Amino acid sequence: MNAPIGVIDSGVGGLTVAKEIIKRLPNETIYYIGDTARCPYGPRTRQEVRNFTWQMAKALEKMNIKMLVIACNTATAVALESLQRNMPFPVLGVINRGARAAVKKTKRHEVVVLATEGTIKSGAYEEALLSLNTSTHIIPLACPTFVPLVESGEYKGQFANNLIAEGLKPLKNEQFDTVILGCTHYPILQKQIEAVVGEDVFVLSSAEETAKDVEEMLAYNGTLADTNAKPAHKFYATGSVPIFRSIAENWLEQGTLDIHRITLK
């Protein structure tokens, strides 16, 4: 089935998920919406995030997608269940698979969750992790400066390194062996985060885990694209297309992308 996979995010963070899907499923077409004009979602109310997420989902429904990936942890926490109940296609989030991978990986059962304020407040990762192993000790840390840093495109260099180190300072005296990047923007900063937490700590990207979920769901439903299908990805941003283009083309390494401005309502 050569219909596109829909991917939505508060901004450019979901491109980390899109990249892993493209790598894992090279024949699939992705239609991506990044709500860059209203990013970040972390400080917003649950109702705002739910409304914005539904607007993106409805826009992609009109484009005849075969599956929707909510590539935003904050949006997954507040809108996944309602979308799964009401959409005519499978809807996946980014929290459960990341939690499963972390529980499998940790040896000491000491897990740090780096995420937005909204995701931390929702308790979604705590719920997912404890449902898998009640002995897991969870250290949640909101990193409100990280998403704006990525969205600005200025996430390389000493200023960015200093900002990341400052954001992770509360972990200095904590004991842990696993870190979940509980925001899809954060894998763009993964190398810098790894440099701060140290080489003995496993840093887990929910993007890679979510791409595995996508493949499994499509295979189960018999809706994988034909092996000779040529992808025709489309990207939509609610904010600046030039800034989105710069980040997307640099991150995805797919050449010149088909990117458009979109108005959601």
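Every residue gets a Cβ built from N, Cα and C, even glycine.
The structure displayed is predicted, hence computed values, not measured ones.
Copied over from Swiss-Prot:
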BINDING   D9, S10, Y41, G42, N73, T74, T184, H185  substrate binding site
ACT_SITE  C72  active site, proton donor/acceptor
ACT_SITE  C183  active site, proton donor/acceptor
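D9 (substrate binding site) falls within a strand segment according to DSSP. Among the residues the record lists as binding substrate, namely D9, S10, Y41, G42, N73, T74, T184, H185, the two farthest apart have Cα atoms separated by 12 Å.
Cβ neighbours of C72 (active site, proton donor/acceptor) (same chain, under 8 Å, six or more residues apart in sequence): I8, D9, S10, G13, G14, Y41, T53, V94, C183, T184. Its own atom aside, the Cβ of T184 (substrate binding site) has 34 Cβ atoms within 10 angstroms in the protein chains shown. The number of other CB atoms found within 10 A of the CB of Y41 (substrate binding site), across every protein chain shown, is 28.
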